[in-house]
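**Student:** Quick paste of what TrEMBL says about this protein:
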BINDING   46, 47, 48, 49, 50, 51, 52, 53  GTP binding site
DOMAIN    36-251  domain 'GB1/RHD3-type G'
TOPO_DOM  1-682  topological domain 'Cytoplasmic'
TOPO_DOM  728-754  topological domain 'Cytoplasmic'
TRANSMEM  707-726  transmembrane segment
């Protein structure tokens, strides 16, 4: 009856050691893990040498070791063996237990019997109890201690599993089974009623724990053919045993086949440690261990999933369209695979572990999600910068462009972040969205500041160009109302610039306070330009004064160069020229942009010009020594910030100016005197009259002698030529002519003249 397909394996050896590796190998060989809940476990217990292994081999076509009758009756099965039942559907595992009441273990060594019985009841759906027919009805028969052991250990399970107890009566006699079964059931009930029960099950009936079935078989030795025929009939009852109405149709607390190894190991460990075995708690424990294993396996599969790895690699390079849907599908597949493998485990544990798996899977993909959001944010920000720059280059308003592209950019971000969203997660992109908004605001502020600075700088340049040269020209001209002209120029150019500036920044939609502050800054800049130019010109005032003095002194009212003929009033001209120069000095002494009256010009005139005219008065000189209005570092009614040249500096400059222009006046006086001398070389009229009267005789003699006239004419021509050639008239205008200059006549001149 042995069959190699049964794949028998020793599960627990005679020393109570659990064969973990053997069980795992057995499960892989028979592919038990794929059965889910569609499997059954059938165990058999009974006295030693009662034919248990033989019955199992014939019933399930297994290959358990059988006793050799010719060698005597001895222990054949040691520990617990399992094998796959051949040809039985659903997949059924047969478990052959070591026989009870064996002489090898002795009368006192019943611990393993109880442990193995409890183990069989904990993991089996059907338990075959092998009994001899002639022991039924006996009070001290061998089956009584066995049944007591079965019931007592079953009480330790605390919760009924509805195990089917199939009593197999071996070597039946002529007594009909209908007569034997009531006696057996009565004995079983007495045993049940007689055992000590936990408080929770004091009044629990036997049917809550067990389905009791009874069958009888003929003697294998005496009626082998009859025995085989009856076994074949009994075998049919194990087909579809877990279906409703089957032998184990109302079983409870079934552990999924994939967790059978874990469950068996844990149950045996608890039994060996003499702990109470709570099957519902055990079911939860098994579900916890196995579901966690499945979850870890699926998580590892997710880590190595090709689609996920491709997504993770692609996300490092930039945004991936459809990321959320693709990743959601991958996670869905992972969770679905988990559900398929863990569907038969405790629902609460299964769901809890599924949540953990989902959480770990989301933790795994979260960095990629955040990286994607970072890419989306960066791209959105870059797009905003580009579009804003294009709008500004096209002349569109700054504020309207910012509003338009901010709204567009945020909508694009929302669409992209929604595309990146994962169905299984409730992650929000609000933080990244807020950061994008802050980045946009920061860039907008930066661009706004840069544009406003550019506009302000351009207008400042225009103001500087519009003011610097005209102001310099006005200072140089030194007109009567130089500062009035400068103020009008400053006001005109400033208001024009402010008006144009306001139009230029209108597109920024700035608040009135900010615009007003910027306009005032522009006005302050224009004023600063004028002030700086005034300070520059103040540093060149001495040169300007000398130029002005030279211009007025050496040119007449028609701007023609003066010719000092002796008729000019050099003193008056000098005073006018110095007054004009002093006007320049007074204009440059202080900044007059606020239209405040001052007495700088009058103080300078009274101290520098009027005082000079009265310098001959000793009384005035004495008063000057005691009171000097220019002996100060400030001007009355002038703010110190507006002072360009202090009174003391003005006095020093005037002193230097007078010294450097004194030579010009001296030269003019010398030229005037020379001109007078050059025009007074003829003798006085009375001398001429005397010469005519006294030289009348000589004149008449010349008229009478033509040779004298010719000689006089030649002498005149020669003298005239020398006069013109030597420019004697010009020399007389510059002073007395040196006689030595008339001596070295060249012969060539004389020859030329003759």
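Cβ coordinates are placed from backbone N, Cα and C, and glycine is handled just like the others.
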**Student:** Need one number: mean pLDDT over the topological domain 'Cytoplasmic' (1-682).
**Tutor:** 84
**Student:** When you tally the Cβ atoms that lie within 10 Å of each candidate's Cβ, which of the binding-site residues (47, 51) has the highest tally?
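**Tutor:** Output for this query is 51.
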**Student:** Quick one, of the binding-site residues 48, 50, which Cβ has the fewest other Cβ within 10 Å?
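**Tutor:** Lowest Cβ count within 10 Å among the binding-site residues (48, 50) is 48.
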**Student:** Which residues in the same chain, at least 6 apart in sequence, have a Cβ under 8 Å from the Cβ of residue 52 (GTP binding site)?
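**Tutor:** Within the chain, residue 52 (GTP binding site) has Cβ neighbours under 8 Å at 44, 45, 46, 77, 96, 97, 99, 128, 130.
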**Student:** So which one is it: of the binding-site residues 49, 53, which has the fewest other Cβ atoms within 10 Å?
**Tutor:** 49
**Student:** Provide the number of Cβ atoms within 10 Å of the Cβ of residue 46 (GTP binding site), excluding the reference atom itself.
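**Tutor:** The answer is 24.
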